[in-house]
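**Student:** Can you keep this structure in mind? I'll have questions shortly.
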Amino acid sequence: MPRSHDPSRVELLRQEGSTMNEKRVSISVEDIRGAVATWKTTSGAPITPYPLPQFFLQPPSSGGGSRNVGGGDGAAGNSKNGSMNSLRMQAYAKKTDDDVDLGHRGELDLSEKYNYDLSKAQLKASSRTSALLAGFAMVCLVELQYDDSTSKPLLIVLGVVTSLLVSVHLLALMMSTCILPYMEATGCTQDSPHLKLKFYIDLSWLFSTCIGLLLFLVEIGVIFYVKFTAVGYPTAGYITTAMLIPVGIVFVLFSYLIHKNRVSHSLGRFKDKVDTMKQFLDVEANLQKSTIAPSTIRDI
């Protein structure tokens with residue numbers, strides 16, 4: 001007889017199927033509702049949801065195992081507490097002073113963002129202005145033609161002024177070139193170097209826009225005098241150099257007025273913010289008094 005029609009094997013499969021059918025349990029929704037209703041009537045306690053496992057699981061023995069060591073109930077309670085604590089999310093541990101914050105320190109607020117944008121704009125303006133004026137001074141020094149009749153003290157003055165002009169602008173260009181890439185790389189965050197290098201940013205701005213421009217005016221006057229003296233007409237050199245004196249005075253005056261107006265505007269804005277904050281606090285205090293007064297009268 002073929003193996004597929006073996007009566008003993010067929011009988012064995014039937015017995016196994018009947019056994020599985022006997023062990024199968026069927027639970028309906030009505031059975032669950034009935035069990036819950038029965039539990040409510042018997043216990044009378046509110047239904048507490050089972051704690052779901054969260055992050056950072058701990059072993060059951062970690063929940064206060066050092067307490068109640070002497071008794072069995074204490075051990076059971078500790079095990080239960082440890083299990084419950086292992087299913088809850090742990091609170092983040094507070095950072096101590098010894099911990100090093102290696103993460104990103106976040107973005108700046110509005111006032112600090114204004115300082116960041118201002119420092120970035122100052123560095124960009126300093127780099128452009130310094131590169132332009134330093135190159136112009138070097139070209140003038142090289143392209144000027146000098147004769148034997150040119151005054152030697154005048155050549156010394158020209159060399160000194162040109163050296164100072166190029167040195168000041170190169171210093172400003174160096175500082176702006178070194179700081180600006182790191183500011184653009186870090187972005188408007190607390191990791192930006194403008195917070196600690198504010199002195200160098202202001203120094204670069206001072207060299208490029210104040211000292212550098214004044215030296216550039218002096219350089220133009222000396223070049224005029226050298227050029228017109230070389231052609232035998234020093235009177236034109238005197239006139240053009242004299243015209244630069246009121247220009248320099250106006251330059252210094254405008255620089256002072258712009259700086260003064262900027263400072264006064266900043267102080268005025270700060271005063272307005274303080275006054276607005278005081279008004280807000282006064283209104284809030286009056287609201288609190290108005291809400292507290294009726295309750296006090298009722299209590300009396």
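Using N, Cα and C of the backbone, Cβ positions are placed for all residues, glycine too.
Feature list, courtesy of Swiss-Prot:
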- 58-82: region 'Disordered' (REGION)
- 1-128: topological domain 'Cytoplasmic' (TOPO_DOM)
- 147-153: topological domain 'Extracellular' (TOPO_DOM)
- 175-205: topological domain 'Cytoplasmic' (TOPO_DOM)
- 227-237: topological domain 'Extracellular' (TOPO_DOM)
- 259-300: topological domain 'Cytoplasmic' (TOPO_DOM)
- 129-146: transmembrane segment (TRANSMEM)
- 154-174: transmembrane segment (TRANSMEM)
- 206-226: transmembrane segment (TRANSMEM)
- 238-258: transmembrane segment (TRANSMEM)
**Student:** In terms of Cβ proximity under 8 Å, which residues at least six beyond the ends of the transmembrane segment (238-258) contact it?
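**Tutor:** Distant contacts of the transmembrane segment (238-258): 210, 213-214, 217-218, 220-222, 224-225, 228.
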**Student:** So, by DSSP, how many helix, strand and coil residues make up the topological domain 'Extracellular' (147-153)?
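**Tutor:** Summed by class, the stretch gives 2 helix, 0 strand, 5 coil.
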